[in-house]
């Protein structure tokens, strides 16, 4: 009887763990979608509120799209990995008259009769897929962190003069409430409201009370976009990438199936993200040195 109860409890815990992992993946997908949507909202609000350039909007939207779904499928990466290897293979064909010619891209006879070549090719393809994913991750890291840091530095070094369209006629009361219409002087203002580029006019979006408060809000938007994009990058390119990140195991047994809301969706250690990128750079340097020495 005790053996039956212990077996039933073991089967129940295994079933709960399986359902728990399925619920966890579902929550992870929802988390990625929500972070991606939040990033698009912040990028759009910054463009609308502070009249950022269209190129800034397009660049950040492209980066946001790439880090939301960073890697192609393994099947596509495997085709890319085997493309160069197939081009380097040559096969020998015998023409009438006994003349032999090598054809590039043709399987050699030694590959056709070697049973171990398939397993070796599989290992080589897996290594190539991991290498390509790490190269993609390194590129997106610079697009996510380096590009956002560049925008922040440029925003601090070159602040926006929000009162330039007023031509020195700054109001003394609580903000520019009754600025003349742009249809008479074309100063880029409409009753104190900003007129953005690309035929965009936000009704009710007034000028800030001072240049300091306006530029401070812009810097806060820049940091918010940086935090959201770097968190999304850490989630999609490190934690959920199945490359070199090992999620810490739970000390307590999984007694829940995830439907009670007790689910640890993901742990996002930002310091391990930096370590993973630095390790990718060291591995690439070692591979280049090894290839040069050969």
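Cβ coordinates come from backbone N, Cα and C, glycine included.
Bear in mind that the values here come from a model prediction, so they are computed numbers and not experimental data.
Of all ranges given (140-160, 161-181, 182-202, 245-265), Swiss-Prot attaches the label transmembrane segment to 140-160. Non-local neighbours of the transmembrane segment (140-160) in the same chain are 50, 56, 59-60, 63, 66-67, 70, 211, 214-215, 218-219, 222-223, 225-226, 229-230, 233, 237, 277; each lies 6+ residues outside the stretch with a CB under 8 Å from one of its CB atoms. When pLDDT is averaged over the topological domain 'Cytoplasmic' (1-139), the result is 71.
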